[in-house]
Every structure is written in structure tokens, then in C-alpha cells.
Amino acid sequence: MSGTTSTNEENKPPLNGRRAIPPNYSNDEENEVPEMEAFGLIPRGFNPRDYLRVVDIYMFKEPHEINKQEHHTDKYYNPRLIVRRGQAFQIQIDFNRPYKPETDQFWLEFLMGRYPQQNKGTYIPITVGNVLKPGQWGAKIIHRENNSIRLSIMSSTTCIIGKFRLYVAVLTPFGILRTRRNSATDTYILFNPWCQLDAVYLDDEKERQEYVLNDVGIVFHGSVEDVKSRSWSYGQFEENVLDACLFLMDKAELELSGRGNPIKICRVASAVINSRDDDGVIAGSWNNSYDSGVAPSAWTGSVDILLEYYSSKQPVRYGQCWVFAGVFNTFLRCLGIPARLITNYSSAHDNNANLRLDFFLDDEGKVDTKLTKDSVWNYHCWNEAWMTRPDLPVGFGGWQVVDGTPQETSDGMYRCGPASVQAIKHGHVCFQFDAPFVYAEVNGDIFYTRMEKNGTQVVENIDTTRIGQLIVTKEVGGDGMMDITEDYKFREGSDEERLALETAVMYGVKKQSIQDTTYQPQTDVDMDFQAQKVVLGNDFKVTITFRNKSRNSYTATTYFSGNIVFYTGVTKSEFKKHSFSAKLEPSSSSSFDIVIKSSEYMSDLLEQASFHFFVTARINETGKILAVQKAIMLEIPALRIKTRGELVAGKEASVIVEFTNPLKQTLENITLRLEGPGVLRTIKKQFGRIPMNSTLTWEVKFIPMRPGLRKLIASLNSDALRHVYGELNVQIQKP
């Protein structure tokens, strides 16, 4: 056999010495199931038609029928049966004659993948019994009429998530007769947050409606001083999205037998959502140039991204943190894992899980951007998924942080989580996965460190409150913001917070201790910094205020630096420098204004339109340094959306999107996107230019598909201006 192989051999996957069958990674692949499985030689007179034979199987799979209604799956645009595990569903089997329980014997078979095995949960034979046990596979007859029987089938609460093939097998004296392969009877089984025995059980119906069934959400962005929000279309029920989500698990090579476990699914998904090291869904780009792709700010939802990836199998360009989190949220909700999108304001970055971010100052007290490698993101988005954690001690189930944005490697891949929020709050960062990293993202301290000429570092100031000072998500049942900072940390300065920190340090979070001798801050002078609301293209002013609480007169040499930054806190350019000497009278406050003209910042503006200001002041009499930094967002004008005519499901209507160019320049290369889950698929339109002060109007005709309250979401993207959004709630009437 040395030089030749038969074609039959070539088609077999390579075996290895450890397993008798190849790994079973694909939900799509199938094996051939024989329609007649003979027990031995078949006698000449045998005619299968003499025995009980299945004529038809009815799945009750329409959105208005019992299964999809009771299993909360009626919103999926998918013609197949979709049910949730651990809950009974019904099918009807029509035979060629009445079924006789005394003599006839039949059973059901659910199969998944190419190598179905009973011990792996990929081959599930179900015999008909008299009683259904909660949480275990079983079937019982609930109705018999003429040649038909109706079955109630219970699935296991630990069953694999995915698409099963269904066969009905009938026993005859000479062999097993099976139904033919019929894709119309394929059955999707999903997680079940309504079932108490499921690992993702959530006990509050309002929360289930929000975290599983809501197909639009809100992304909070901007900065802690200036919170902004925009809508995102998750679209987990749209056509082909469920298949695309199952494909992600195939792509991540998660064994089929592991797909009943939400911990495993979250861990592999956090790696496959980004394209680093596994050609996953989204390629990240943070450099403000998005040639041959879509700017992250232009996406209005997850559906286009998932469907493009499902068809091309190539990473979709481009994403930033909220895009990774939006797509991850769609994936989780689609499979039935309760999930929400989180924003952490002033998020510590590249932190190697140490709790210190160093900002280096030069001799004069100005921030040295060349030496400073750490950055504080204005905001960072991740997800929380709800599940039990049987792999951890009691008390660490519930919300788990998962993050698909590629930041640091974990076990050799770019992924993060699931990490228990409760463990992060209490400093128990020894529990898997990646808890020290998340703890540092929300708990770091900023050290302002001066480099002496001889290379020693002198800590001049420590800001313990800036990092992770606000953590939010969308409220349940509304578009408002819910502050969940207290889920992640105790109140700053409380005894519990100290204890949590000591616990985290004990479990290996690195914290540099400061010898009291080297760091003695100036405690009798406070410095603060305020900025007016800033409208894009206008001048604005910032105010620096000192409060001298002592009986001494001081003078403060003050440096002000205004930078245009990526939302990741990385500086693109410094557009404003200003220094002055401030006289601080005893027991009084003094304020100093600095005016910033639009001409100073417009040319270098980046898409997230955010400024980062550093103010450092040296008290000349004591040599001590005060430092403060803030991120300011520009007010970007919104798109206006309105509808014309009445909105009735199945009838044509039109929507109008308008935008007025506020800049003192012409906008070029404009792309508009419009979408609304259950209302219309994403539509794109290019425009060449909009002169200053001109208004662009775009009218789209569409036929809304579903009655109910829905949302339209639009974005505008151009060379000079990005992150322009608009949205409109619309009530679609029944026909």
C-alpha cells in the first residue's frame, strides 16, 4: 500500500492514536442513516409495507403554533422547529394504519454531526413511555386519532445546543425501518432561561424579555463627564442569524459534546468574535483609516456583520469595542443565554493585571507623551452573560464578564472571560477566567511620576478614583441608563473596598507599594477643571479652579495641554498648549479661563471627536504637583428620521432621513445606512458631497414585516465626520 491509496481511503479523515473517531466539530456535517437496518438475512417474502410505516410528521413549527409560542421562539425568521431545552414540545406522526401499542414498536432518534454517539449526546434515541420526567429526554402519547398520534417530547436540561436531525424508527422482526432524511423536520434546541434546571435560568420575566428577547439595545459611549448613547440593532431573530451563530461554534472548533455548557461556549466565542489568531468574525482597527472596509462607527447593528462572515468565512472589516460587544450580544441572545452590553468609563488598558498606570512628567511637570505607554480608554464595552458557575465555589454564578475585543492573550489566544462579576467585586480574582485583567480595568490607579535626571522616579501624584468610576448598561424595559458600578466595586474608600483590594493582591494582582517617605501629596490645595458643552465647529472655553484651604499664600505654575485622542486614550496630536502662573490667596478659590478656537482643533479631528486635557500645576513654595485629566466629547449633530403615511404590517410606507452639515467645510464621500429589526433590512446609500449649511434628504420605501413597537436606526459616515446617528421609535399597526 506504500505508493497508492484507494479513493475510499482518501475521503476518510486521518485517524490518530488517541481516538477511534475523528473530532466532531461541525453541526453542519451529516452521516448517512440507513432506511433499512437488517438484523440478518431478509426472507424472500418480506415486504416493509406490511408493517407500521410513517407517512408524515407534523412539527407544529409555525410562529403562531403551540411550540414556538410556548418556547418564546416565535420571533425567529426560520421555517424549522426551534425549541428550548428542558421544556416539552409536541409533534404529530401519521402512520399508514392505526398504531397498536400492544404489538407495534417505534422510537425517535435525534442526531447531530457526522459521528453521532449516544455517550456524547449527539445520538439521542427516545422511546415512548407513560410519564415525562422533568429535565430528561422522554416522549409520551397525548392524543390518538385514526392513523395519527400526537407526542409530547421532553428534552434534557443539559442537552447540546444546535440543530438536530430527526428520524422515526419502527421495529420489524427482520430489521429497523427508518424514515427518510427530511430537513423539514430538523429541530433547533436552544438554552432555556425560563427553565429552573437550565444553567442559564433567570427568574425575572422582565429581565428575560430584555436580556433574551429584545433585539435592539443601547450602546453608551462618550466619556464619564459627557455620557452619550446610540442604538444598536442586535437582530438575533433575523433570517440566517441563528445558523450564522451555530457556524461560529464550528469555526471555533468547539466539540459538539461541549455545546451544552454556557461557560465553554462563552470562552470560545470571546476568541472567535475577533479575527486575531483564528480568522474570527471582526477585524479590529483603531488607526482612523478604514480603507477596503467599513468604519466601525458606520455599523448600525450586528446582522450585516454576522451574515457577511457566514457567507464569506473571512473577517469583516472593521470593528472597535462596541462592535465586538454588539455582535457578541447578538450571539449570546440568539442561543438563549441572557446577555447585556456594558460600558466601563475610564477603562485602564494594557495593564498586565497590575493596578498602576504610569503617566510620566518632565522636569517642568508637563506630561511626557513619549515615555507614557499606558492609556486610559474614555470608555470600553464588554458583555455580561448570565449563568451558573458549577466550576467555582457557591456564590459566583450570575453575571459573568465576557469580552470579544482583542486586548491581551489568555491561555495563548485573544479572549477574555467568563469572569464572575461577584468575584471581581470581592477581589477573589483567583477564579477562572481572566478575573485579574478585568479587576485592573475597573480598579487601577493613575500614578503621575517624574523622571529625575539620574533616572530615579518620583511619584508626584496618585489619582485613585478616575479608573472605572462609572460602569453602566441599558435599563430593563427602557432606553435609559442603569448604573451598575456597585456590582463591580465597593464605594471608594470604604473598608470593604480596602479588603477587596487586599484580597486581590493576595491572589496575585500586582500592586506597587509606595513608601510613605517618597510620596507626600499637597493636601491643602485642590485643583479642578470644567469645560463648556462643546458643539462641533464652535469655539469653547475651559475653566481651571484652585481652592486654597490653607492660611498660606501660594503661587502655582500651571501647564494646560489639549490633545485630540482616539477613544482608547492614545494621543494623535496636541493642539493647544498654555502655561500661566496662578496666585492662590489663603482660604479662597480662584478660577482661570482658557479659550479654545475651532480653528485650533478642526483640522486634526478624529472620528470620535474627543479631546483629552491634562492640567498639571506645581506649587512653587512646596515643589508639590497637582494633576488632573479629563476627556471632553464634542456634541455631534444628529440625523433626523421621520416616516410618511401610516405604518401597517405588509403595506408599503416611506421613511425620510435628513442631515444638515454643521461644519465650515464640505463633507465628502458620505455613506448613509438605515436598518430596523423586524421592519427593514439594512439599506446603504452613497452621496458625493454636502456643502456647508446644506441639508441632505434621503427617502426610502419599505414594507414593515411585523406589527408592534419597533426602532429605526440610521448612521452617517464621511471623511471628515463620523459617529453621526439618528433613531426613531415606530408603532406598526396590524393589517
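Just so it is clear, glycine is given a Cβ too, placed from its N, Cα and C backbone atoms.
As recorded in TrEMBL:
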ACT_SITE  C321  active site
ACT_SITE  H380  active site
ACT_SITE  D403  active site
BINDING   N443, D445, E492, E497  Ca(2+) binding site
DOMAIN    313-406  domain 'Transglutaminase-like'
REGION    1-30  region 'Disordered'
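Here the features listed in TrEMBL are painted onto the structure.
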residue : record              : Cβ contacts under 8 Å, 6 or more apart
C321    : active site         : W377, Y379, H380, C381, W382, T405
D403    : active site         : S270, F324, A325, W382, N383, R415, C416, G417, V438
N443    : Ca(2+) binding site : A348, L355, I467, G468, K489, L501, A504
D445    : Ca(2+) binding site : L355, R356, L357, I462, D463, T464, I467
E492    : Ca(2+) binding site : T464, T465
E497    : Ca(2+) binding site : K489, F490, R491
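If you take every residue in the domain 'Transglutaminase-like' (313-406) and average the pLDDT, you get 91. There are 28 other Cβ atoms within 10 Å of the Cβ belonging to H380 (active site).
Secondary structure by DSSP for the domain 'Transglutaminase-like' (313-406): 15 helix, 40 strand, 39 coil. Apart from N443, D445, E492, E497, the Ca(2+) site neighbourhood in this chain, defined by C-beta within 8 angstroms of the site C-beta centre, holds T464, T465, I467, G468, K489, L501.
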